[in-house]
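Chemist: Following this message is one structure expressed as structure tokens.
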Amino acid sequence: MLTTADYYIIVPLAVISSAVNGICLIYIILKILRRWWITKKSLTMAQRVPFYFALSEYFLFCIHLVNVLHGLHASIYHYTLQGISCRIIGGISFFFFSSNVILVGSLSLTTYLRICRRIVINLGTYDYKLFLVILLVSLTITLIGIDDYGHSKYWCYITPSNPITPIITISLIVIILLVTLYCYIMTIVEVYINVKKFGSKLSRVDIIVTRKIIFYILIFLFEWIPVLGFLISRIFYYEELWIHIVAALSVNIGGIGNVILYIIYENCNTTVIV
């Protein structure tokens, strides 16, 4: 069982990592919007993917920051939100989480279909069909666990006595991870098969595609696998300080990882399709 002293360690680390994450996400969003504003051209898929990831992570960051600041206030003044306010924060947190991971899975699937199956899906103006599906699925999953959201020590997410939402979260992470791994691994294989078939060395674009795919997979693993462990520990009522610290830091990996990836490949050829 965690003590109040433990939360004096967890909460400041969560606040600091959230601040760094937020700065990274704002940097990506502003850079891409600035490029779009200057060029007056539609963003390519290579530009839209990091923008979508950053935007999704930013929404998650905003609600996570509310939760973290609430935890900071609660750890100092020993007062936590109760009732409907805490349930709303918990529900929104889960909604943005599910939207984030489903976006990752959806983009990996569209990449796989485009490269490996030569199937191009018409996503509509500004890819609204993609976002409509993601929002509807996320909302449905969120409503399934509507009775689970609420007060949990210094946080507003899920109540300790309800295992439904943790099980849904674990299942969602595992399913999206498997889909993402399969789609991206098959994409890498397809790139190498084409190289071998045409008897040429890997082009600059092929190398960029492969490296970016591997980086996307690593970001997902570092961001959500620790959360997976945290949720499993919650189900079995196993609480250790290190589990909470790793989970609090990992949820802020998304912005940091994506800004590193964006800076590395910012000046790369915009014809890259991933």
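Here the Cβ of each residue, glycine as well, is placed from N, Cα and C on the backbone.
Quick paste from TrEMBL:
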DOMAIN    21-265  domain 'G-protein coupled receptors family 1 profile'
TRANSMEM  6-30  transmembrane segment
TRANSMEM  51-72  transmembrane segment
TRANSMEM  92-116  transmembrane segment
TRANSMEM  128-146  transmembrane segment
TRANSMEM  166-193  transmembrane segment
TRANSMEM  213-236  transmembrane segment
TRANSMEM  242-265  transmembrane segment
Chemist: Considering only Cβ pairs under 8 Å, which range in 51-72, 92-116, 166-193 makes the most contacts with the transmembrane segment (242-265)?
Modeler: 51-72
Chemist: Which residues of the chain, 6 or more past the ends of the transmembrane segment (213-236), have a CB below 8 A from one of its CBs?
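Modeler: Residues 101, 104, 108, 111, 158, 160, 163, 166-167, 169-170, 173-174, 176-177, 180-181, 184, 187-188, 243-244, 246-247, 249-251, 253-254, 257-258, 261, 274 contact the transmembrane segment (213-236) from elsewhere in the chain.
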Chemist: Near the transmembrane segment (128-146), which residues from the same chain, at least 6 beyond its ends, have a CB less than 8 A from one of its CBs?
Modeler: 91, 94-95, 98-99, 102-103, 106, 110, 121-122, 158, 162, 164-165, 168, 172
Chemist: Could you tell me what the rest of the chain brings near the transmembrane segment (6-30), counting residues at least six beyond its ends with Cβ under 8 Å?
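Modeler: Apart from its flanks, the transmembrane segment (6-30) reaches 50-51, 54-55, 57-58, 61, 64-65, 68-69, 71-72, 75, 153-154, 241, 244-245, 248-249, 252-256, 258-259, 262.
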Chemist: Could you tell me the mean pLDDT the prediction assigns to the domain 'G-protein coupled receptors family 1 profile' (21-265)?
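Modeler: That region's mean pLDDT is 87.
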